[in-house]
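Per TrEMBL, these features apply:
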type     : residues : note
ACT_SITE : 150      : active site, charge relay system
ACT_SITE : 229      : active site, charge relay system
ACT_SITE : 262      : active site, charge relay system
Ligand SMILES: N[C@@H](CCC(=O)N[C@@H](CSC=O)C(=O)NCC(=O)O)C(=O)O
């Protein structure tokens with residue numbers, strides 16, 4: 001077995017495992033959690049992508065997703081947000097002292113620039129290695145959906161739009177909707193992808209939708225956004241996603257949730273709606 005279990009818990013009649021494995025995509029150990037509902041299966045899969053500074057543990061301990069996952073019979077997979085390891089002046093895993101670049105801030109792209117390119121390959125990790133591993137090691141039906149928060153919302157949207165053959169549905173909480181037009185995204189894309197803004201556009205959810213990516217693949221995209229989120233205006237910009245969806249004729253349910261902030265208190269309040277949204281599209 002390529003996956004090594006480090007902790008196991010029973011929750012809502014299912015089994016939650018913390019796991020680690022040596023990743024071929026990142027060339028580092030990677031960690032993740034996997035919830036498998038009780039019963040025989042096989043089960044469809046929901047992949048969750050977390051935000052800046054997160055490991056697999058933030059969603060696992062704070063989102064409160066497993067009651068709904070058990071009810072709907074869904075496996076939930078939550079990977080770490082980047083490769084990790086000691087930064088050994090060019091010989092280890094690169095890092096940056098800022099919270100929004102480097103380890104904990106992989107942005108779900110394959111970096112092309114030094115010093116990030118050797119290990120920061122989170123798009124390949126999620127869309128190729130992780131999916132293959134989960135289907136090989138767990139009782140899955142072979143169909144899956146994707147969701148995430150903030151940087152992970154950007155990841156969910158862009159990976160779904162770039163790989164519509166892999167996912168039945170996509171949703172997000174407070175996603176970075178257009179990383180080419182916000183400070184978090186501009187900083188990360190300059191570092192990981194270089195100066196060519198045409199390359200950036202290929203990893204920008206609003207611009208992908210405008211360009212007609214995955215046209216017809218998703219009947220609806222569910223996005224929840226708190227209107228008291230401190231990152232709303234400068235970083236997240238859901239109005240750009242709305243405008244892109246209107247232009248392209250992409251179904252989008254964007255719910256502005258009054259009073260909610262950027263924290264997992266917001267996500268735990270609406271996560272059951274997202275699990276139900278995906279479960280309805282994963283049936284059959
Ligand atoms: N300024 C904070 C920023 C970190 C933060 O808010 N991280 C969010 C995701 S933000 C976008 O991707 C998060 O999910 N945090 C983990 C949690 O458990 O809440 C800082 O300095 O850390």
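Cβ coordinates come from backbone N, Cα and C, glycine included.
Worth saying up front: this structure is predicted, and the values here are computed from it rather than measured.
The separation of residue 229 (active site, charge relay system) from residue 262 (active site, charge relay system), Cα to Cα, is 5 Å. You'll find the Cα of residue 150 (active site, charge relay system) roughly 11 Å from the Cα of residue 229 (active site, charge relay system). Note on residue 150 (active site, charge relay system): other Cβ atoms within 10 Å of its Cβ, all shown chains, come to 25. Residue 262 (active site, charge relay system) is surrounded by 21 other CB atoms, counting those within 10 A of its CB over all protein chains shown. In this view, residue 229 (active site, charge relay system) is surrounded by 21 other Cβ atoms within 10 Å of its Cβ, with every protein chain counted.
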